[in-house]
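Here is what Swiss-Prot says about this protein:
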type	residues	note
BINDING	80, 81, 82, 220, 221	substrate binding site
BINDING	82, 83, 249, 250	NADPH binding site
ACT_SITE	181	active site, thioimide intermediate
ACT_SITE	188	active site, proton donor
């Protein structure tokens, strides 16, 4: 489905009765083709969605709440457009379910169907809220650099590596990622962590490259995949992982992770801005 046909940017009727048809899938293939990604994919990973505004009724009509987390595999053929996701979650509000497990089962069934792959769903009940973590992304901050930046359209020419030097293993972070919704033009604010093994990557160039997304339009997942592919092509690291945490909009935050080597899934700790 084309993003222009999604609920984004259109007058909205908010349903309060459960309706799985509200989910609007968008194929990943189109955006991947634009940056030269085909089969097999040069990465694997997950999109972590956190939904903070989930509520339903129990069998006696009493409202229940939970925080839902969705783990969408990067190899799924589709993503779900975020406003349609919000409307879908809102449709639970006046619908009675026998249990939280029944809600989780419905979420897993519907979102898996929309994405075209098995999606893992976890619900955190109010009794578990105190266990939820908040932390910043680990790594050496690129934002410490005092530099000029004047390019705000994606420019991978900033990316360079010193292949005549000994390989290094580094984790770099920045809070200066900004991109824009391709349908509404609304800004998307994020932090990104880049871990790699290979020739040393020029830090100033990498930061200027991330800043160059400032006027770029793309969904969160697409931006992270572009970052991954541009670094892989320009700097040729042996190992590479890119993880972004975007600030919340409409009760949802989206946190894509891409890697080309086996490693544990990153934790789902919220950053301060989230």
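Note: Cβ is positioned from N, Cα and C throughout, glycine not excepted.
Overlay of Swiss-Prot feature records on the structure.
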residue: 80; record: substrate binding site; CB count, 10 Å: 26
residue: 81; record: substrate binding site; CB count, 10 Å: 23
residue: 82; record: substrate binding site; CB count, 10 Å: 25
residue: 83; record: NADPH binding site; CB count, 10 Å: 22
residue: 181; record: active site, thioimide intermediate; CB count, 10 Å: 20
residue: 188; record: active site, proton donor; CB count, 10 Å: 22
residue: 220; record: substrate binding site; CB count, 10 Å: 23
residue: 221; record: substrate binding site; CB count, 10 Å: 23
residue: 249; record: NADPH binding site; CB count, 10 Å: 16
residue: 250; record: NADPH binding site; CB count, 10 Å: 15
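Between residue 250 (NADPH binding site) and residue 82 (substrate binding site), the C-alpha separation comes to 8 Å. Distance from the CA of residue 181 (active site, thioimide intermediate) to the CA of residue 83 (NADPH binding site) is 11 Å. Apart from the site residues 80, 81, 82, 220, 221, the chain places the Cβ of 26, 47, 79, 85, 219, 254 no farther than 8 Å from the centroid of the site's Cβ atoms, the recorded substrate location. Inclusion criterion for the recorded positions 80, 81, 82, 181, 188, 220: a C-alpha placed within 10 angstroms of the C-alpha of residue 249 (NADPH binding site); this criterion is met by 82, 188. Across the structure, residue 188 (active site, proton donor) and residue 221 (substrate binding site) place their CA atoms 12 angstrom apart. For the recorded site, residue 81 (substrate binding site), the DSSP three-state label reads coil.
If you take the Cα of residue 82 (substrate binding site) and the Cα of the residue listed as 'active site, thioimide intermediate', they are about 10 angstrom apart, rounded to a whole number. Annotation note: residue 221 (substrate binding site) sits in a helical segment as assigned by DSSP. Spanning the residues 80, 81, 82, 220, 221 that the record associates with binding substrate, the maximal Cα-Cα distance equals 11 Å. Calculated from their C-alpha atoms, the gap between residue 221 (substrate binding site) and residue 181 (active site, thioimide intermediate) amounts to 11 Å.
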